[in-house]
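Participant: One structure, pasted below without further comment.
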Amino acid sequence: MLLEKIVEAISGRSEDNGKKVKGTIVLMKKNVLDFNDVNASLLDGVLEFLGKRVSLQLISVVHADPGNSLQGKRSNPAYLEKWLTTGTSLVAGESAFDVTFDWDEDIGVPGAFIINNFHFNEFYLKSLTLEDVPNHGNVHFVCNSWVYPAKKYKSERIFFANQAYLPGETPEPLRNYREKELVNLRGNGNGKLEEWDRVYDYALYNDLGDPEKGKQYARTILGGSAEYPYPRRGRTGRKPTKADPKSESRIPLLMSLDIYVPRDERFGHIKLSDFLTYALKSIVQFLIPEFQALFDSTPDEFDSFEDVLKLYEGGIKLPQGPFLKALTDSIPLEILKEIIRTDGEGKFKFPTPQVIQEDKSSWRTDEEFAREMLAGVNPVIISRLQEFPPKSQLDSEVYGNQNSTITKEHIENTLDGLTIDDAIKTNRLYILNHHDILMPYVRRINTTNTKLYASRTLLFLQDDGTMKPVAIELSLPHPDGDELGAVSKVYTPADQGVEGSIWQLAKAYVAVNDSGVHQLISHWLNTHAAIEPFVIATNRQLSVLHPIHKLLHPHFRDTMNINALARQILINAGGVLEMTVFPAKYAMEMSAVVYKSWVFPEQALPADLIKRGVAVEDSSSPHGVRLLIQDYPYAVDGLEIWSAIKSWVTEYCNFYYKSDELVLKDNELQAWWKELREEGHGDKKDEPWWPKMQTRQELKDSCTIIIWIASALHAAVNFGQYPYAGYLPNRPTLSRRFMPEPGTPEYEELKTNPDKAYLKTITPQLQTLLGISLIEILSRHASDEIYLGQRDSSEWTKDQEPIAAFERFGKKLSEIEDQIIQMNGDKKWKNRSGPVNVPYTLLFPTSEQGLTGKGIPNSVSI
């Protein structure tokens with residue numbers, strides 16, 4: 001207290017007896033969040049003592065200053081109090097500080113404030129609450145932003161009160177501030193962006209390769225071409241490489257966590273213990289050379305499924321090498337334990353995945369194989385078979401005849417007495433079709449250590465609602481040229497002898513296909529990559545005052561950061577994904593080819609289900625569609641979640657937009673949608689399917705899709721990764737040899753030791769360790785996760801009707817949770833648990849921290 005008085009005396013600040021308005025600032029000091037910066041607090045204390053403090057000025061929402069371009073009138077500066085005594089301690093490193101403003105009647109009601117940080121270090125500003133503003137009451141400002149020292153900024157830092165305004169309704173004293181803040185966030189498109197920058201801008205995916213390391217590390221630039229279209233990523237402004245001026249230079253691996261994203265998109269708000277788990281993605285990368293060296297010199301194999309189970313039950317000894325020793329010597333033990341699940345004896349050990357918790361072998365059944373297409377980690381691919389045999393959409397002049405060779409004779413005896421025509425007419429035949437996506441790449445992929453087929457799997461919907469596979473077709477390009485078509489072989493179910501072992505291998509080749517398509521398309525492309533342009537455009541074109549910004553902003557949390565980290569250490573040349581998924585160096589290029597068929601309106605769940613033929617439009621059904629597979633857990637729960645999101649968005653948008661005319665006249669909204677089409681998804685700008693954004697319905701539909709992608713769709717394809725793929729034999733990521741042919745040693749091994757033959761075909765031991773390490777982290781919920789129906793502040797808006805609508809949304813989600821629990825307990829719904837007895841909870845809205853196999857975070861945050 002005495003110290004504060006001395007500071008006031010030195011700096012000439014003292015109390016006067018005029019009218020005051022008190023406020024409370026909530027913030028986190030840098031030293032709480034940055035364990036490497038022990039000097040942060042000391043330096044700021046010195047500056048505080050010298051009078052260089054944190055100042056705030058209120059801005060009037062009702063009275064303009066004629067001498068300042070009619071911008072809102074400003075109050076005299078006020079200063080944060082008791083910085084040296086740290087303020088009142090709150091949760092998770094937060095502190096509350098008092099600030100007292102000299103009240104000027106000319107201010108009227110404050111609608112914004114300017115903050116200047118004259119300290120040496122940045123701090124994380126959570127909120128400001130003004131108490132008892134004369135003739136008004138309390139005013140709340142939600143900030144959630146890093147405030148760097150004022151000298152780092154070219155313009156003032158401004159924060160607005162929690163009252164939403166459409167652009168045309170903005171009070172005149174705030175209008176100029178609103179527009180200038182958007183200009184600041186857009187930047188000027190030039191130069192390298194620094195840590196403290198807040199610039200949102202676009203770039204191509206031209207930073208995945210590292211051509212300066214050699215040709216083998218060069219990668220195709222994604223985006224900006226008809227051949228390889230792609231959504232845009234956030235710009236970093238790093239220099240081009242010397243080897244290829246079109247490619248952006250990369251930062252060193254050790255600096256991965258410092259890759260540029262706008263400062264408020266960083267993981268800085270995550271508590272330190274969780275932050276280390278994100279760092280794992282980077283540190284695991286250092287293990288790769290060691291893994292590779294071991295793999296080259298001692299190609300260790302799992303000899304049996306018992307060997308694989310040791311990963312979870314007893315641990316597996318990690319072979320020692322110089323690189324690993326250097327790593328263990330240089331990393332603190334507690335971090336190393338987190339990274340490699342070591343038990344102190346250098347063993348990898350992992351949590352037991354749900355798929356083998358109840359039964360160690362049920363994953364091998366045909367029923368479970370099929371069920372996971374409806375309730376597993378990739379339930380978004382299966383479609384209804386509408387013509388037989390299945391036909392290819394590939395260009396026959398380039399690829400020859402790629403139509404299926406499955407015949408009636410292959411499957412009619414497994415259709416419960418139905419003919420194929422009857423089965424198709426009664427919606428009983430379905431297909432998991434990876435043929436056309438993969439065939440153009442199979443020849444190139446098979447020049448590597450991977451040996452891959454393009455697959456088609458036919459399934460029959462049985463009377464009890466379960467599916468059974470009835471045929472698997474594995475295809476290779478013709479050895480004499482692509483134009484000669486496919487060389488295919490059809491396999492049918494068997495459970496005894498060598499035929500049974502061959503059938504198990506056929507399912508494994510399908511699982512390999514599905515694993516790669518899941519990771520690259522269903523997961524990365526359709527959620528992570530597709531949503532990033534919406535994050536960028538929203539921050540560039542919609543003011544924080546805009547109601548649609550307030551609606552969408554929670555669904556963008558951490559997305560740019562996790563995507564930037566992915567570019568740095570996961571999807572880059574030689575990264576973890578290339579090492580663990582079969583397309584290897586062709587992985588991202590393949591996803592760009594698939595993006596050609598991406599259609600925004602088809603990302604809506606009902607539209608997707610109809611497109612795949614697993615549902616039909618039906619106005620009498622609760623969600624406007626009728627499922628043709630009644631026991632389809634992803635679709636059943638998904639439609640409930642979709643409907644809840646749609647109702648919430650409808651109520652919210654109807655409150656702010658009373659007519660279509662307001663949508664048309666909203667200049668920020670129109671600029672946002674134009675930029676999304678022409679810049680963010682610029683390679684799709686001329687597509688006729690884009691909503692015109694001329695009506696309230698188009699706005700509501702588009703916002704519902706955006707929220708669905710960021711929340712429920714991502715949850716459905718992400719958080720089941722460890723529960724199902726944490727046991728690699730169930731979802732192998734690689735196949736290393738072709739199907740054994742009679743008369744070969746491999747065929748004899750298949751007869752005498754089928755389990756070993758299976759394990760020698762799929763992902764090898766070291767890639768298994770790496771892959772499991774990765775998906776364990778990707779499947780975890782952070783302790784500060786915010787789930788669908790939740791907000792990080794109860795004061796997110798001043799408008800009471802949207803608050804009430806949001807509460808109804810939360811209540812509806814709670815009812816859906818009860819419904820999921822009830823259905824999972826009803827034995828009638830066989831696909832909800834299956835032979836492995838893993839209840840379907842991937843669309844259960846809430847979750848605890850950790851590896852739970854449930855929970856829908858608001859955003860693509862991991």
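Going from the start of the chain as shown, residues are counted 1 onward.
Glycine residues also receive a Cβ, built from the backbone N, Cα and C atoms like all the rest.
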Participant: Where Swiss-Prot shows HIS523, HIS528, HIS714, ASN718 binding Fe cation, which of ILE381, ILE382, ILE862 is named for the same site?
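Facilitator: Among ILE381, ILE382, ILE862, only ILE862 appears alongside HIS523, HIS528, HIS714, ASN718 as Fe cation-binding in Swiss-Prot.
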Participant: Provide the three-state DSSP residue tally for the domain 'PLAT' (36-161): helix first, then strand, then coil.
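Facilitator: Secondary-structure breakdown of the domain 'PLAT' (36-161): 22 helix, 64 strand, 40 coil.
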Participant: In which DSSP state, out of helix, strand and coil, do we find HIS523 (Fe cation binding site)?
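Facilitator: HIS523 (Fe cation binding site) sits in a helix per DSSP.
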Participant: Taking the mean position of the Cβ atoms of HIS523, HIS528, HIS714, ASN718, ILE862 as the Fe cation site, which residues outside that list, in the same chain, have a Cβ no more than 8 Å away, listed in sequence order?
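Facilitator: Counting only non-site residues, the set is TRP524, THR527, ILE562, VAL717, LEU778, VAL860.
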Participant: Including all protein chains shown, what's the count of other C-beta atoms within 10 A of the C-beta of HIS523 (Fe cation binding site)?
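Facilitator: Around HIS523 (Fe cation binding site), other Cβ atoms within 10 Å: 23.
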Participant: Quick one: among the binding-site residues HIS528, HIS714, which has the most Cβ atoms sitting within 10 Å of its own Cβ?
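Facilitator: Result for the most crowded candidate: HIS714.
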Participant: What number of additional C-beta atoms lies within 10 angstroms of the C-beta atom of ASN718 (Fe cation binding site)?
Facilitator: 23
